[in-house]
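See below for the structure under consideration.
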Amino acid sequence: MNGTEGPNFYVPFSNVTGVVRSPFEQPQYYLAEPWQFSMLAAYMFLLIVLGFPINFLTLYVTVQHKKLRTPLNYILLNLAVADLFMVFGGFTTTLYTSLHGYFVFGPTGCNLEGFFATLGGEIALWSLVVLAIERYVVVCKPMSNFRFGENHAIMGVVFTWIMALACAAPPLVGWSRYIPEGMQCSCGIDYYTLKPEVNNESFVIYMFVVHFTIPMIVIFFCYGQLVFTVKEAAAQQQESATTQKAEKEVTRMVIIMVIFFLICWLPYASVAFYIFTHQGSNFGPIFMTLPAFFAKSSSIYNPVIYIMLNKQFRNCMLTTLCCGKNPLGDDDASATASKTETSQVAPA
C-alpha cells in the first residue's frame, strides 16, 4: 500500500519514514507546502464571499417578488438552499482547517463537513433530475396536457431531499464513513479503502450506481427527447414564436446548468472512481484535492446562470438592489419570453 491507513483516516503518503501523523491531530505539511494550504484557504474564502451573497439574493428576490414564485422556480430555489448548506456547513469549516494545515475539528467535525458537502452536491444533482423530468413531461407531453403545478414542485423538492439524504446520511450511521481527503483539510466519502467493518465497498458501488449513473441516464434521456421534440415543433410551426422562444430559453438555461454540473463534479467522480478501483495505487494528495475543491465551486454557478439567462428574475433583482427602480427600464412585458412557467409546446 502506498498510503497510510488509520482507524478513521487514510493519508496518501507512505509511512516508511515515520512522518505520517493523524490528520485530526497535527499539520500535514509533509503532504504539501504551507503556502499551498494557504491557497486552499484563500480559495474557500472566495467561495464564501461569492457563494453566500448570490444564493441569499436569489432567495430574497424571489420572496420579495410574487411573480417569481412559480412552480418551476421552487426547484431552482431548492438549489440555492442546497448551496447555502454547502457554504455554511462545509466551506467555513474547510477554510478554518486549511489555515491550520489539518482537520482540527476531529472525526465528528469531519462527519458534519462531509455530510453537508455530500448533501449539497446530491440535492443539486437530484434537482437537475427533477428539472429534466419537468422539461420532458411538459414539452414532450408523454402524458397529454400535463401541467406542472405547485404540488408537483413541492413533491419534486421533497424527492430531492429524500434522495440526497439517502446518499449523505448512511456514512453517519455505519454504512461507509467520512474521512479527510486529499490534503486532509476537507472530508468526503471513503473511496480509498474497502473497510469491511463498515461495508464500504457496497456503499461506494451503491453511490456510483444510484446517485450518479442513474441520474445521469435520466437527465440525458430527457434532454435527448426534448431537443428532438422542440425541433419538430419549430419545423411544423405548431406554436407561436413567443411560446417557442420561451421554451427554448428555459430549456437552454437548465441544460447549461447540467453542463456546468458535469464540469464541476465529473472530474471529482472520475478521480474517486479511479482511486476506488485501484486500491493501494500510488497517487499524491493533490490528485484528489484539486477536483474536490473544484467541485465546491458548484455553489456559485447555478444562481449566476439563473440571473444571466432569466430576464424576469434579472429585472426583479435589479429592482430590489436599486430600491424599487430598475435602472435598465425593462418592464415585465419585455421579460415575458423568459418566464419560467409551464410549457405549451405541443408534441411532435
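Using the three backbone atoms N, Cα and C, a Cβ is placed for every residue, glycine included.
Both Gly109 and Val250 are recorded by Swiss-Prot, but within differently named topological domains on opposite sides of the membrane. For the residues Ser240, Ser281, Ser343, Swiss-Prot attaches the annotation phosphoserine to Ser343, which does not rule out the feature elsewhere.
Looking at the candidates Cys110, Cys140, Cys222, Cys264, Swiss-Prot gives Cys110 as the cysteine bonded to Cys187 by a disulfide. Contacts of Asn2 (N-linked glycosylation site) defined by a Cβ separation under 8 A and a same-chain sequence distance of 6+ are given as Pro12, Ser14, Gly280, Ser281, Asn282, Phe283, in order along the sequence. When Cα-Cα distances from Cys323 (S-palmitoyl cysteine) are compared across the recorded positions Asn15, Glu201, Gln279, the shortest belongs to Glu201. Taking residue pairs at least 6 apart in sequence, the transmembrane segment (203-224) and the transmembrane segment (74-96) share fewer than three C-beta contacts under 8 angstroms. Counting only same-chain residues 6+ beyond the ends of the transmembrane segment (37-61), those with a CB under 8 A from a CB of the stretch are 29, 68, 76-77, 80-81, 83-84, 86-88, 91-92, 94-95, 98-99, 101, 183, 185, 289, 293, 296-297, 299-300, 303-304, 306-307, 313, 316-317, 320. Here Gln279 (Zn(2+) binding site) is positioned 55 angstrom away from Cys322 (S-palmitoyl cysteine), judged by their C-alpha atoms. For the topological domain 'Cytoplasmic' (134-152), the number of residues in each DSSP class (helix H, G, I; strand E, B; coil) is 10 helix, 0 strand, 9 coil. In sequence order, Tyr192, Thr193, Leu194 constitute the residues six or more apart from Gln279 (Zn(2+) binding site) in its chain with CB-CB distances below 8 Å.
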